[in-house]
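Participant: Just passing along the structure, written as structure tokens.
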Amino acid sequence: MKLLTLPALLSLPLLPTAFSYPGMATAFSSLHHHTSRADDDPKELIGDLLTLADSKLTPIGKDIKAILLGTLTAESSTIDTSIPSALGSSACAANTCCVWKWIAYDMTAKFNGTSGRCTRFARGAVRLGFHDAGAWSKTSSYGGADGSILLTDELSRTENNGLADVGAWMKTLYNKYHQYGVGMADLIQMGATVAAVVCPLGPRIRSFVGRVDNAKAAPTGLLPDVNDSADTLIALFKAKTVDSHGLAALVGAHTTSQQHFVDTERDGDPQDSTPGVWDVKFYGETLNSVPPRVFKFASDEKLSVDSRTADEWNEFVGDQAHWNEDYAQEYVRLSLLGVNNINNLQECTKVLPPRVNSFVAQDQAVLDLWLQGQFDQLNSLVDDAVLLTGFSSTTTTGKDRREPFEE
């Protein structure tokens, strides 16, 4: 592959690439969406909502039930713009969401990169939320979204490779805020929803608190593998009450990711051409040719062409609003797996930052070169969502090397 010379590279303008979507789905696309689900199995309830009569449901319980049944959106634009009361004050203690607003500030700062893309900590937070909640099935008597992934030794399991850094950072937040009544299970799931909306174009998912922590390690064998067959994945998620269309929506979170352990020789390679951006390029690129650095997971390729998931997969191509709507609905379900006090939860969606409805990549010219396989030194900078604004050159043993720097 021919490499550009340093002068040629530095002469490239930082041409922006823009991404946007208009917000919620139009009435037509929403109708089309729900029509496409008409022959699905009925949506399942979970936790205490399985047995509680409607007359016993709280307003939050009613909303969550409607979200789980697909009759109410799981996205929200409600934002609290007020300044929160001081931590430890009686006013903050009297407001359940006050401490969560302070937490959301910390998370937003950690998840935002200088490029405007979301950082590896944001992407790690999404994966951490998946792996804590996903270790559950309908036959499990424990597990799910209970915080055990960080309250036990679960991070030592192979399927949790790559979560050590975000796990350690999340524990620092826990140590900081636990004295104010914050539990690990809620912290992990709030991290996943804050991260999703910090990533450009991501959904603003309704977020609930009040889960019960559990310091018992979750059951093993309940998380997916990147080499699983479509049959295995669909059966695995059906046992979690997630249908095949829901599975197609959830795996779209790979749109922001960069793999480090599936193939260590390609450490840092992304799963689509816009790492750190919550767009739908992942769906189209899984089906088609991609730049050399893009690394497709075998499981994603299998799901993209399986008859049970392919229709929904193709509908997500180019339809940001549809995917955001579906992902939000399925993530609310995932975030409540194994939770048996859903009716008593409280909502703190209002503390989430606003969604980023459009995004311009100021460093797209340099990022495109990286995607073509040049400049491996950029791997960690892309991972950290650093703005790629230029290079300096050094020469080592007859080989020209380019070292990145940030401005």
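Using N, Cα and C of the backbone, Cβ positions are placed for all residues, glycine too.
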Participant: When you check TrEMBL, which of C97, C98 turns out to share a disulphide bond with C348?
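Facilitator: Here TrEMBL pairs C348 with C97 via a disulfide bond.
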Participant: If you count CB neighbours within 10 Å, which one among the disulfide-bonded residues C97, C118, C199 has the smallest count?
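Facilitator: Comparing Cβ neighbour counts within 10 Å for the disulfide-bonded residues C97, C118, C199 gives C97.
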Participant: Around the recorded Ca(2+) 1 site, report the further residues of that chain (criterion: Cβ within 8 Å of the mean position of the Cβ atoms of D132, G144, D146, S148; site residues excluded), sequence-ordered.
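Facilitator: Output for this site, in sequence order: A133, A135, W136, G143, A145, G147, I149, A185, N214, A218, G338.
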Participant: At a 10 Å cut-off from the C-beta of C348 (disulfide bond), count the other C-beta atoms across all protein chains.
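Facilitator: Looking across every protein chain shown, the total is 25.
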Participant: Return the residues near S148 (Ca(2+) 1 binding site) by Cβ distance under 8 Å, restricted to its own chain and a separation of at least 6 in sequence.
Facilitator: D132, A135, E154, D213, N214, A215, K216, A217, A218
